[in-house]
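Database features, via TrEMBL:
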TRANSMEM  B:12-30  transmembrane segment
TRANSMEM  B:60-82  transmembrane segment
TRANSMEM  B:94-114  transmembrane segment
TRANSMEM  B:134-158  transmembrane segment
TRANSMEM  B:186-208  transmembrane segment
TRANSMEM  B:220-248  transmembrane segment
TRANSMEM  B:260-277  transmembrane segment
Amino acid sequence: MSVAEKKPAGAAKDRVLSRRGITVTGGFAVAAVLLVLVPSFTDSFYTFVATRMLLLGLFATAYNTVFGFGGMSSLGHAAFFGIGGYTVGIAVTRWDWPPLVVLAAAVVLGAAVAAVFGVMCLRVRGIYLLLLTLALAQAIAGLAFYQTEWTGGDNGIPNIPRDGLPSSVREGDGYYMLTLVVVAVCVALLWMYQRSPLGMSVVGVRESEARMSATGYRTGRLRVVAFTVSGAFSAVAGVLEVYLQGSVSTANMSWLISADVLVFAILGGARHFLGPFLGAVLVTGLEVWVSTYTDRWTTVLGIVYIATALFLADGVLGRAGWAVRTTKSWWEKKSSPGGAAPPGAAADPAGVPAEVRA
Amino acid sequence: MLTWLTHSVNGLAYGSLLFLVASGLTITFGLMRTVNLAHGAFYLLGGYLAYDLTTNGTDYWLALLAGVLAAATGGMVVERAFLHRLAGSELPQIVLTLGVAYIIGDQILANYGGDPVAPPTPPGLEGPVTIGDWVFPKFRLVMIGVAIALAAVVGALLKYTPTGAKVRAAVDDEEIARAVGIRVPLVFLLVFGCGTGLAAFAGVWGGAFTSLAPDSGFEVLLLALIVVVVGGLGSIGGALLAAFLVGLVDQYGKVWFPEWALFTLYASVAALLAVRPRGLFGKAVFR
């Protein structure tokens, strides 16, 4: 598209937008139908896997509000995930709370603890932020480990009943549907938050904290907000996980979960809203697939980590976008009347059209 | 009274173990600014190799040497093959080294199973020492001495030898260091090898102290990371002091309020980092 072509775009804008709107709406409709139909194609094991993919996807999306959009690499999100889980474990086995109350309590607790994380991390950046969030999460995990009276210590809380849930969504396919609805609502809320002025200003802090603060934004407060939102939704994912598994233990708080979600985000593409979700789905799917061939899944996971670090800095979606751009510019160059591109143009990933260069 | 002495010395001995692990990290992480989460895996690698060799009848010191050399070689391979491509970006480093740690840990699990093993106590250090009424394992006392000696040696090497000067120059300003003829990639390679070698040494000794299991590498790694950061990145004396502090806090936390043991440790570390990110003796925060 040349500069001259861009001018009259105002008139055609509505039409172009609506076409894009149709594509997006259609895409979502197809995706929704497919997601709803998943249980009818799969047996109970794969429905379990699909449920897990959904809730881990939500966790990764929630994580990304701090990581990808907030520009703060946290290594402490296992704490929020685990807090959600332990809320279910303790509230259901001790007081027999109904699921909605449990969910609300988990959201409040997750948000509150995340806000504390955010406040404590105000003065640190980069590697220090990673280590400080790690230390904070380990402190919480230490509570889970040693407050045995409440948490069951190393054994955790087994046999958490699902009696509070309506019987139609208690098991298998029904629970998948429940998870699908909760995850869809949460992801939609996260999307709205991310597109809101508040979410946008958090992105602004990522881009340039100095400029944002010079423009009058309270950047520290925005960082805390990002953590709070992220912690609340991570706790929801933790709640879903424990209702699914029926038990909670210190493994739900292990710092390796924080590392997992970090890798989900990077692998999928942290600059894209749905990238982390995709990352979670890919890694979980790979785990199931590899485990049918070998017991050494952890080794394969290690290889995935190494490959991610070396080749996927901008994630699968980032790579895909790059591939699309390259192909497009190659195609345009090939089909343009002049034909011959200036030397070196093939190496240009941005795909600047030949007319603009000349 | 004697109980408190025992607790304190126990805490110091555990702190010494942490310093042995952290000494490698102060070099690779504190000095080179390369985050190596596979450090705990190299700790395990050294420990398990020494355990394997000694149970098959190899001389103890030979087994120790083999463990250290294997981990040093492994570390250099990782540095040369992968890590040097990621210089300066912590996040990919974390992901990559975690991947390496997963692979090593899983292979150890596959070969030796999940039950804890313990390399033998170094010959000549078995049994207790008796001072008046006070009885204490000799090995643990020696460990404290070794930690202090190691801190002195590493510190002196970095500060007073030409090699140390080259390392510091390479870290401080890579371009200028290259310009004056220091082979920076080689320096980094060797430094990284020393770091993982030290991890393996700590694994052989620490394994005799606390025993080893495929997942104990991460436990030790986290505490060692904390020691390095609390001490201040790159400060060897700071790491030693932090190691002793962490050892004592851990020991007394377990004695006084066992229900809050890990919480007190990590929460106090977090509080310190929140107000003073550079740690006790660190230079100004980088980045």
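Glycine residues also receive a Cβ, built from the backbone N, Cα and C atoms like all the rest.
No curator has checked TrEMBL annotations; they are predicted automatically.
Counting Cβ pairs under 8 Å to the transmembrane segment (B:220-248), the stretch among B:12-30, B:60-82, B:94-114, B:186-208 with the most such contacts is B:12-30. Looking at which of B:60-82, B:94-114, B:134-158, B:186-208 has the most CB pairs under 8 Å to the transmembrane segment (B:12-30), the answer is the stretch B:186-208. Away from its own ends, the transmembrane segment (B:186-208) comes close to residues 17, 20-21, 23-25, 27-28, 31-32, 34, 36, 38-40, 42-51, 63-64, 67-76, 78-80, 83-84, 117-122, 139, 143, 146, 166-167, 170, 220 of its chain (Cβ-Cβ under 8 Å, at least six residues beyond either end). Panel annotation: around the transmembrane segment (B:94-114), residues 35-42, 44-45, 48, 52, 74, 78, 82-83, 86, 213-215, 217-218, 221 of the same chain, lying at least six beyond its termini, place a Cβ under 8 Å from a Cβ of the stretch.
Cβ atoms under 8 Å from those of the transmembrane segment (B:134-158) belong to residues 2, 5-6, 9-10, 12-13, 15-17, 19-20, 23, 26-27, 31, 121-122, 125-128, 164, 167-168, 205, 208-209, 236-237, 239-240, 243 of the same chain, restricted to positions at least 6 beyond its ends.
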